[in-house]
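Please see the structure below; I have some questions.
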Amino acid sequence: MALDEVTITKAIVESYMDSFLKYTDVDVALVGAGPANLVAAKKLAEADAKTVVFERNLAVGGGIWGGGMMFPRIVVQKEGCRILDEFGVWYREYAEGYYIASSIETVAKLTAGVVDAGAEIINLVAVEDVMIREDERVAGLVINWEAVERTRLHVDPLSVRAKVVIDGTGHDANICKVVQRKIPGARVGSLGVPGEKPMWADVGERTVVEVTQEVYPGLIAAGMAATAVAGGPRMGPIFGGMLLSGEKAAAIALEKLGL
Ligand code: 48F
């Protein structure tokens, strides 16, 4: 069979468009494909929520890849190992209570878990704004190609309707900041996105799970975004809190959806 480039082109565009259109109206739209949101997306899809993750970068995985200072390993404490087990990530005990895993394997297996559960991941698309309705609850996302954002081209975005949005954009808490800035009188969390405090791994790891919550009607903050909203300390390359935060964010979203 002689290969035809135009058939290859049509296969890619048609397949992508089918999927893109299917996910313009969803139960949960997650922003950012870091560890918290990857865990959340799997749990949501497993519970039959229609789930899409938007990631602005080419690669998913957020801050996992680089481990600590580009040593591609992550540390996970005992509480988080249950989630590594669930995704089939291999790890070993380094010292009592400290477990070590490969960053690369972690990203690969978290991502495979999300896809196998039936959630869609759309990369290279940045979320630049939210949709709101009369009651000023968050009702969806405003999206554009990351290349448009990066080159600052004057191109209008498109929109996605979502019953629940999860901000998993990491240290920047981008979606929470948009809501705080653009909705008059909005108070995201109780402090209005003050940003994270300096490093304190022990407190940071406990805090990130505690403060994972609905921070504004229709908007849940997970992972470092939740820490930034609550003004908690950063924790560095220990990831149990991120995994557990994603699990909690999914549980909150499912309760809101009645699933
Ligand atoms: O930062 P990130 O990994 O989020 P996380 O789940 O995990 C934090 C840890 O990696 C680490 C840490 C752990 O101890 O401190 O930093 O909270 O991933 C966030 C993802 O969101 C994407 C970004 O490219 C990254 O992959 N992102 C950020 N803003 C947008 C976005 C946006 N506006 N639209 C789409 N994706």
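Here the Cβ of each residue, glycine as well, is placed from N, Cα and C on the backbone.
Features from TrEMBL:
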type: BINDING; residues: A36, E55, R56, G63, V127, H154, V155, D156, M224; note: NAD(+) binding site
type: BINDING; residues: D156, H171; note: Fe cation binding site
type: BINDING; residues: R234; note: glycine binding site
Whole-number Å distance between the CA of V155 (NAD(+) binding site) and the CA of R234 (glycine binding site)?
35
Within 10 Å of its Cβ, which one of these binding-site residues (V127, V155) has the largest number of other Cβ atoms?
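Counting Cβ neighbours within 10 Å, the top one is V127.
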Just name the winner among R56, H171, R234 (the binding-site residues) by count of other CB atoms within 10 A of its CB.
R56
Just to be sure I understand the packing, how many Cβ atoms besides its own are within 10 Å of the Cβ of D156 (Fe cation binding site)?
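Cβ-Cβ neighbours of D156 (Fe cation binding site) within 10 Å number 7.
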Taking a cut-off of under 6 Å between Cβ and any atom of ligand 1, tell me which of the binding-site residues A36, V155, D156 pass.
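The qualifying binding-site residues are A36.
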Indicate the candidate from A36, M224 with the smallest number of other Cβ atoms within 10 Å of its Cβ, considering only these binding-site residues.
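Candidates: the binding-site residues A36, M224. Fewest Cβ atoms within 10 Å: M224.
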Among residues A36, E55, R56, G63, V127, H154, V155, D156, M224 annotated as binding NAD(+), what is the maximum Cα-Cα distance? Answer in Å.
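Farthest Cα pair among residues binding NAD(+): 32 Å.
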Tell me the Cα distance separating R234 (glycine binding site) from R56 (NAD(+) binding site), rounded to the nearest angstrom.
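Taking the Cα atoms only, R56 (NAD(+) binding site) lies 23 Å from R234 (glycine binding site).
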With V127 (NAD(+) binding site) as the reference Cα, tell me which of the binding-site residues D156, H171, R234 is the closest one.
D156
M224 (NAD(+) binding site) to H171 (Fe cation binding site): how many Å between their Cα atoms?
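Distance (Cα to Cα, whole Å): 5 Å.
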